Amino acid sequence: MEWLVKTVLAAAISFLVPWLLKRLLPASGADPRSTGPATTAGKGFPWLAWIGALALAGGLSGIISGAMGLILGGVANWSVLGATLGIVQWYFLSRRFDVGPWFALASCLGWATFVFLQPLGHPTWAVVGLLVGLLQWLGLPRGMTGALWWIPASALAWFAGGMTGLGVGMMVAGASHFAIGWIVGWTCVGAVGAAVLALPLSRMWRGDARDGLGAASES
């Protein structure tokens, strides 16, 4: 019951935040009939901003889930991690592509299954990542260049992020304090996962720019 309440709350937030931001933020110029907005055509993929933002999201999710654990009981709240990462991912993609709130909600729902798959051990990170990638792929515009690579890349990204986060987090916790190691570990999960996902995402970014230039030349 506790898991269900936390998951429903995180899912609602992961959907409502993008929904509200899409209406409050200045329009990105995305055309619903295309895979990307004209206002970002020709701009390179923001590698550092993407990795930094997801690293921050990972650390923030560690703080939030840790606080929830102290107040409500339990440990890591996977839906909180999924919601936080998903909202940041949605923000970056929505600035260039026509991506709706489902993209963030899909992250929340996918990560929420971690608790049921945990008996698998370390491979759980890859299985959950694969599920997250599949659910998010459903929310990507049809015909987007290299979109299918998002699914296996998500499995690899979150497996690599999870293993790095566990290793670094435990090392820092042993040398300092558990709380510090906890936050650093989750920060590493976000940063490493973002670095891996940047590879297929940058390809989509470039493909979208080429499509935009081609459409402009035809017109």
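Cβ atoms are placed via backbone N, Cα and C, with glycine included.
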TrEMBL annotation (transmembrane segment) - matching range among 5-24, 45-64: 45-64
Contact set, same chain, for the transmembrane segment (99-117): CB under 8 Å, 6 or more residues outside the stretch: 3, 7, 10-11, 14-19, 22, 78-79, 81-83, 85-87, 89-90, 93, 124, 127-128, 131-136, 138-141
